[in-house]
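> Structure incoming, see below.
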Amino acid sequence: MTAVISLPDPPQRASRGPRVAGPGQDRLGKRLRRQVGQAIADFGMIEAGDKVMVCLSGGKDSYTLLDLLLQLQKRAPVPFELVAVNLDQKQPGFPEHVLPEYLAALGVPYQIIEQDTYSVVSRVIPEGRTMCSLCSRLRRGALYNHAKAHGFTRIALGHHCDDMVATLFMNLFHHAKLAAMPPKLLSDDGQHVVIRPLAYVREHDIAEYAQARRFPIIPCTLCGSQESLQRRQVGLMLKQWDQDHPGRIEQIARAMADVRPAQLADATLFDFRALGHSGHAAHADAWLADAVPETPAD
């Protein structure tokens, strides 16, 4: 059962919003606003009249996303609407009061979706196994349904540069494909445009910004599930690279925007068969060993 609590004009609560910026935080904030604004411009993430659903989990990434979008909204070249949306999955111990109080104090329109996906995942996934994959699918479905029902034209997620690079290596190492996490995508059913405005922002900058702003962070370990061993290994690898070779993560991120099909091996992206003097090539089957007749012995 799904319940939606919609509070477009939140009442005043005895809670505080983000901390007022100091000099150092203001410099970081300017850099992050510039990076987010650049990503929005580069990929056409937000257009005039868009109604943007900002998915807020209570983690540092989504808090930072909402905070920066609210700041950019005041000076954006086009008008757009922002609504914070949280999916309450009924995890045991989830502090349901935190987000409503924070958003009410901030004066931000918000909606809370109440859907008990935790019980579903707990029933289906054996104890000790990671719940993240199924939980993610159920969460995505709930958010897509909500976006459709309430007329949202954009769904904004808090994935950042490090997430995109990690996904690239997850696909490379474990799925034998060069694919990552796009800054903007159309959902499989063609009904939703998903945007990731933090695509150019590094995770360590988000962590510093969130700490300086004193966001009321909600732990992501309430469900007792942990990230997969594979993703944890990739994360440790990237963290080590970042320490040993500063700038490497940014270089990898830039490489994802400079793909050269002619220097890879995907024949669906580049016509290798057309290269040569005549532009003609025998069919692949003709080169298979079992397709070439043996020459009879004399």
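Every residue gets a Cβ built from N, Cα and C, even glycine.
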> To which of the residue ranges 15-20, 57-62 does Swiss-Prot assign the term motif 'PP-loop motif'?
57-62
> Could you give me the DSSP helix, strand and coil counts for the motif 'PP-loop motif' (57-62)?
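Taking each residue of the motif 'PP-loop motif' (57-62) in turn, the totals are 3 helix, 0 strand, 3 coil.
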> Minimum Cβ neighbour count within 10 Å among the binding-site residues Cys132, Cys135: which residue?
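Comparing Cβ neighbours within 10 Å for the binding-site residues Cys132, Cys135, Cys132 has the fewest.
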